[in-house]
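Have a look at the structure below, then the notes.
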C-alpha cells in the first residue's frame, strides 16, 4: 500500500513494475511487465488526482462517466462529444464477433451499472428489468450509511464473454464515516500507463458527485489493482514520464445546485488550477 498527497504513489508504482515486473505474454500479443496486487490511496481533500506528469484528457473522462451513468453501451454518444477512447473496440469487425452492429459494445459498464441481470426480449434487446445499482447504492448511502453492502459491480460472469472488452474496473464500494464518503475500486486488469490515470480520475469524480447528492464531504479514493501491468511498447513513454517533476494537484469544482446524480452536465464540472506536462502518446493494445 502506498499513500501520497499527489501522484508520487502512482509514479512509484509504475517505476516498480518497470524495474521488477514479471515479463508475461498477454491476450493482445504485445507482452507486459506485470505485478499482482497493488493499492494507492488519495485523500480527495488534498486535490483532485488528475496526473500532472502528463496531460490527461479530462473531457474524455467526464463524458465517459456520463455515458456509464446513462446506461448507454453504444459509442455514438461518445463520438458525438468528440471522445474516441472506445473506438478500437466498436469497429464493425469487433462488434460482428458478437452479432452486434458497428458501434454497439454490448453489456459493458453502463448496462451492468444500470440494468444488471436484465432479461432479453425476443429481438435480442435487453428488457429494463435488471437491477439499477447506481440508484440503489445512492439510496442506501442516504438511508443506511453504515451498510457494508454499498457496492456496484460491473462484472457479470454470465456476460463477460459476450463483449470485446470485459470490464477491467470491476467493482467499487463506498464507505461513510464522519460525514465523508470514500470509494474503493477493484480493477482486475490495470493498464498502468494508459488506463489507470483515467480510472483514478473517473472514480474520484464519481465519488465527488455522489458525495454532493448525498450531502456528504469527500473522503478518500482508494485504487486497488489486480494484474497491474505495463505493456512492453509503453516502456519508453514510462521512462519519459518518470523523468518529469509533478506539479500540485488541481481542485475540482461541482455546481452546488445539482442534487441528482443524473442531472450533472459537462458545464457543471470544472477542474481548476490544472498545470501539467505535455501528453505522452502510446499505442492502445486491443
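Even glycines carry a Cβ here, placed using N, Cα and C.
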Can you pick which of 156, 199 Swiss-Prot lists for the same dUMP site as 27, 148, 149, 188, 189, 190, 191, 229, 230, 231?
199
Tell me, in order along the sequence, which recorded positions from 57, 168, 285 have their CA within 10 Å of residue 231 (dUMP binding site).
285
What does the structure give for the C-alpha distance between residue 149 (dUMP binding site) and residue 168 (active site, nucleophile)? Integer Å is fine.
21
If you measure from the Cα of residue 27 (dUMP binding site), which of the recorded positions 57, 168, 285 is the nearest?
285
Are there binding-site residues among 57, 229, 285 that sit within 10 Å of residue 168 (active site, nucleophile), Cα to Cα? If so, list them; otherwise say none.
none
